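The following features are taken from Swiss-Prot:
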ACT_SITE  HIS182  active site, proton donor/acceptor
ACT_SITE  SER312  active site
BINDING   98-100, ARG120, 123-126, 133-135, THR181, SER313, 318-320  substrate binding site
SITE      GLU325  site 'Important for catalytic activity'
Amino acid sequence: MSEYRIEHDSMGEVRVPADAKWRAQTQRAVENFPVSGQRIERAHIEALARIKSAAAKVNAELGVLDEDVAGAIQEAAGEVAEGKWDEHFPVDVFQTGSGTSSNMNTNEVVATLATERLGRDVHPNDHVNASQSSNDVFPSSIHIAATAAVTRDLIPALDHLAGALERKAGEFADVVKSGRTHLMDATPVTLGQEFGGYAAQVRYGIERLQASLPRLAELPLGGTAVGTGINTPPGFSAAVIEEVARATGLPLTEARDHFEAQGARDGIVETSGQLRTIGVGLTKIANDLRWMASGPRTGLAEISLPDLQPGSSIMPGKVNPVIPEAVLMVAAQVTGNDATVAAAGAAGNFELNVMLPVIAKNVLESVRLLANVSRLLADRTVDGIVAHPERAREYAESSPSVVTPLNKYLGYEEAAKVAKRALAERKTIRQTVLEGGYVERGDLTREQLDQALDVLRMTRP
């Protein structure tokens with residue numbers, strides 16, 4: 001039996017692997033783009049298939065396709081959406097900028113599967129791609145996949161992380177520690193206040209995503225080649241988007257302006273920026289956790305993180321903050337992905353952006369990485385954090401910054417002298433004030449001194 005079969009397209013004949021569900025145009029793309037070995041994301045394949053199914057249904061309702069052909073296409077597209085044929089999507093991410101190769105890959109696989117079901121030919125262009133163009137289908141598929149990933153994966157993952165941080169904020173509400181600005185001692189805070197701040201960062205990330213969703217969920221579907229809707233029957237655009245929204249359960253809407261929606265990718269660029277902001281926030285959180293857990297003997301050691309794996313191939317007993325480090329790498333990747341999306345988003349000329357596949361790859365990867373690492377950070381680090389209250393309080397009470405409440409009794413300059421003397425003589429602020437005769441002179445009473453130097457009270461003025 002031959003290892004190949006002959007397929008043809010408008011450019012002629014092409015040899016295709018005998019068992020491949022794709023056809024000529026996909027094979028040409030495979031041969032033209034052996035670039036990275038990276039294929040489009042699973043979520044993206046699903047989104048393309050959802051469009052093909054919805055389009056077939058609406059085309060049948062509008063008299064463009066026969067019912068049996070449309071039914072076969074819907075069944076085939078359903079299997080593709082479920083992931084049963086992912087190995088038949090071999091086209092590299094770095095391909096034609098409109099995503100035509102991946103759109104045709106979808107058309108051809110669905111056409112082959114539908115032909116097998118129907119017993120007669122289903123054409124990838126005339127039937128599966130009816131009333132469509134790569135120029136409206138592919139950007140729509142990006143927005144569908146990204147909307148699904150953000151709403152179903154990333155937002156729940158961030159909510160999970162925020163909840164873990166909020167629980168720790170409550171647990172550590174009375175654990176007083178030295179505040180730090182510029183990595184230098186500052187007035188006291190509680191560990192709970194810091195964790196509450198981290199939780200708020202994550203919650204605000206969710207708010208940012210939700211704010212960008214209305215534009216992310218707008219689809220140019222139905223605009224076909226240049227946004228005019230040429231070759232579509234009346235009512236197709238609204239009907240097909242309504243069907244995709246129904247089938248996916250996503251809050252998808254028709255683009256308010258099809259020319260903006262095909263010529264520009266501002267909605268997805270905006271979302272990528274929100275993803276970068278979330279990554280920046282996670283970087284801050286992860287670094288703070290690493291600093292507070294540094295040690296065990298020569299660092300801050302205010303908290304302990306769960307021990308997850310040996311940290312060194314040469315130093316026995318060493319354990320490292322591996323999850324926070326993974327978070328930092330994800331954040332760096334997301335920042336780089338956003339730079340790519342920004343550059344690619346600027347690549348629109350007239351009626352079409354021509355860097356769509358790389359936009360899709362980077363945005364969907366960012367969502368996936370952030371969602372995964374947020375869950376890991378919550379489950380394998382935050383939930384297991386243990387505070388060391390005595391150590392934290394010792395730092396807070398020994399910090400020269402606790403002199404700050406004495407400003408109103410001694411004045412700023414005299415309080416500064418106290419702080420410098422305490423540092424130079426390696427004494428506490430309390431010792432220095434008492435030995436300096438400030439109480440004896442009547443600058444303040446011992447009771448006022450006690451209240452002023454109550455480090456927990458300083459966190460709740």
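Cβ atoms here come from the backbone N, Cα and C positions, even for glycine.
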Rounded inter-Cα distance in Å - the residue listed as 'active site', SER98 (substrate binding site): 47
Please report the Cα separation of ASN135 (substrate binding site) and the residue listed as 'active site, proton donor/acceptor' in Å, rounded to an integer. 50
Through the lens of DSSP with three states only, how would you label ASN125 (substrate binding site)? helix
For THR100 (substrate binding site), which residues of its chain lie six or more apart in sequence with Cβ-Cβ distance below 8 Å? SER134, PHE138
10 Å Cβ neighbour count around SER313 (substrate binding site)? 7
I'd like to know which of the recorded positions SER98, SER312, VAL319 has the most other Cβ atoms within 10 Å of its Cβ. SER98
Cβ neighbour count within 10 Å, max among the recorded positions ASN135, GLU325, goes to ASN135
Just checking, which of ASN125, SER133 (binding-site residues) has the fewest C-beta atoms within 10 Å of its C-beta? ASN125
Where VAL319 (substrate binding site) and GLU325 (site 'Important for catalytic activity') are concerned, what is their Cα separation in Å, rounded? 13
Long-range same-chain neighbours of HIS123 (substrate binding site), Cβ under 8 Å, sequence gap at least 6? ALA111
Secondary structure at SER313 (substrate binding site) (DSSP, helix/strand/coil)? coil
Structural state of GLU325 (site 'Important for catalytic activity'), classified by DSSP into three states: helix
